[in-house]
Amino acid sequence: MIVSVLTSSSILRLVAELKIAVGSTNPVKIAATKNVMKKIYGNSVEVVPIKVESGVSHTPIGEEEIVRGAKNRAIRALQAIQADIGVGMEGGIVKKFGEWFLTGWCAVVDRSGKFSLGSSVYMLLPDSVVERVLKGEELGVVFDDITGMHDTKKTIGAIGILTKRLLTRQKAWEDSLIYAMARKISPEFYY
């Protein structure tokens, strides 16, 4: 617990640190969670990365599997350390309009078990990449192979590669987490 003195009004108040568990040890997802939670809650937040199983394939196919992975990560992270909020992020591919797209879903769960969801945008994937993913290869491994880079899923990701770094994987996760946090940011509209 942190005690702060408000000198302007000479009022003592107690501010408890909010514990946020993110269901990943991926540095991009951790950084995205830290950035967003600090914007929302200020410095009274602790983000704890927790290695959890998603319960879905390495590159989930379809919205339902992606969301299931995000929810599994959020609840497992929350329960692992009895956090105030659990965050789960899961990326995957979906078929829309006859094409394959990369997307991500973020799930946020609180101690009461209430979930909120937010998604990233849809980005068209090259057919050559999709063919390999549909055969069972992980998306990040495919991009590492075709670019000669290493561990792109922990840095710029497919988003950074395909947009030549105009957009980043971290920014996409930050946006989807903000969408998922809307219920907590503006509760007057949801409850």
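Placed from the backbone N, Cα and C atoms, the Cβ positions cover glycine too.
Summarising the annotation, TrEMBL assigns domain 'Non-canonical purine NTP phosphatase/PRRC1' to 23-183. According to TrEMBL, the substrate binding site annotation covers S24, T25, N26, P27, V28, K29. Positions annotated as Mg(2+) binding site by TrEMBL: E53, Q82.
Shown on the structure are the features that TrEMBL records.
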residue : record                 : contacts (Cβ under 8 Å, 6+ apart)
S24     : substrate binding site : I30, P49, I50, K51, V52, R73, A77, G88, M89
T25     : substrate binding site : P49, I50, K51
N26     : substrate binding site : K153, K154
P27     : substrate binding site : K154, T155
V28     : substrate binding site : K153, K154, T155, G157, R169, Q170, W173
K29     : substrate binding site : V22, M89, W173
E53     : Mg(2+) binding site    : N72, R76
Q82     : Mg(2+) binding site    : K19
